[in-house]
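Here is the structure we will look at, set down as structure tokens.
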Amino acid sequence: MAERRLLLLGLVLLAASAAFLLWNLRGPVGFILTLRATKLAALLLVGLAVGVATVLFQTVAQNRLLTPGIVGFDALFVTLQTGLVLGLGGLGLAQLPALGRFAMEVLLLVLAAQALFGLLLRKGADDVIRMILTGVILGVMLRGVAGLMQRLLDPSEFSVVQQAVFASFGAVDRGLLLIAAGLLAMAMLAALRMASELDVAGLGRVPARTLGLDHDRVVRRSLALVSALVAVSTALVGPVTFLGLIAASLAHALMQTHRHAVLLPAAGLLGALFLVTGQFLFERVLGLQSTLAVLIEFFGGLLFLALILSRRRQ
Amino acid sequence: MIEIRNVSLSLRGSAILHDITAGLPQTGITALIGPNGAGKSSLLHLCAGLLRPSGGVIAVDGGDVTRMAHRDRARRIAVLTQAQALGSRLTVGDLVGFGRWPHHLGRPREADRQVVAEALALFDLETLSGRQVETLSGGQKARAFTAMAWAQSTPWLLLDEPLAALDPRFARDLMARLHAMSQTGPQARGVVIVVHDLNAAALWADHVVALRDGRLFADGPAAEVLTPATLGALFDTAFGTVDTPRGRLVYPA
């Protein structure tokens, strides 16, 4: 049942990808195809990673509304970018080799994410309210710090920050994409291999422990994977964690199962589907008149509301 | 045999258990009784390896329970805790199926499905097996979680207040079933329960361990511990007895 829906989802994604590649293909075909294929690869990769990361995060946090973004990860990224521009200068940052900058950002983000999630979820989530509050307050504080630093920048450097903190799939470096693909694929495979343990962890800390699961170890590992997934995808294209909430909620609603062997790929496929269709509409229909983030939050938000309301009726 | 040797426990600075030494036999039902806050549940959690003693050792069938590998422990000891909350949306059948996880680690075989079917039948859950756990009543939920612990097929079954939410019929059925499975035989399981219903203990338990203020108060065969004198001192209130066709019952006078 759930497997069939998963297959169907895969086919829909395939169709969307094909449309993205081949729609209105004119002019120098080879050149345009390469350009589109690179962009498509980035969209698929980031969508998959964010979907998988959010399901992992929600399972160990025992909460279906939390995402790494909500507990402060995006704010962390903005602060980090602003700090980099302030510290190195817009020019200094631009002069860094792409790979070096990417590696540095990934490293800093992984470390910061580990610290953030560790602080919030060290022992599983026995106190969700405390965790959300801590995350939100940390987020506000980080945004405040970033805001202050942005006041100190001159306008041209400020525009460098502005570019960095909005997700963009327009100019992804192909070499970085390859490296990111390797890292993300490894992390996603590791998550899939833990699927059965995650099913048990999803029961809650006490039931999981009575069933012989080393719950604390599963939480630690999952958070390490979440950190890696969101850090790499954010360093690659900018903050996209808003996508995760939609992908994970929809995966739960569509698949109607507790099994992570289904939920993880479903959330990943949905994340990718959202990004690909969003970018398609954004480029071809809206003529680049908005940003992808706005589009996805708009349609995703509508979908999310519909889901919540329809569940209440049942 | 569960051997509790000089066990003490402190949680966040407050002392819960002091220097408890007792042996819980493999055959028969052991009932843990005592006033509220005596430390019964804590002792049960210690025996299940869910808590770590601050001092002393708990050995289950000769092995220190805190040193067992997680999976080995789950195949030796099943425990029903009082907190029956779930993080995921599950059907009753799925929940009971999780009892087999320590055996199959995510790849259920035919034998596992058989045990789950047996558990559902035994706890009268067959008609409920497709229902979401969160839509069940308290008593039905308690039966589903007990069935999950039973499906773990462990030599030890530890239950924290399994009767609290059950109606008289299911309470009696459960005690009768626990009694039957705890007697000698190749399938015999050691059963330890925390109960407040002293008459459930009087009718079905073979062995009683009484705790008070975190200390061992009495320990022995049920008939020797469940006397008006011992119970009166344990609960600070007078007790009487009455003989019925089912056996001798006790009541607070």
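First residue shown is number 1, and so on along the chain.
Backbone N, Cα and C define each Cβ position, glycine as well.
A quick note: this is a predicted structure, and the numbers were derived from the prediction, not measured.
TrEMBL assigns the feature transmembrane segment to one of the listed ranges (A:73-96, A:145-168), namely A:73-96.
Non-local neighbours of the transmembrane segment (A:102-121) in the same chain are 57, 60-61, 68, 71-73, 76-77, 80, 84, 96, 131, 134-135, 138, 173, 176, 179-180, 183, 219, 223-224, 226-228, 230-232, 234-236; each lies 6+ residues outside the stretch with a CB under 8 Å from one of its CB atoms. Against the transmembrane segment (A:176-195), the recorded stretches A:42-61, A:73-96, A:223-250, A:262-282, A:288-309 differ in Cβ pairs under 8 Å, and the greatest number is found for A:223-250.
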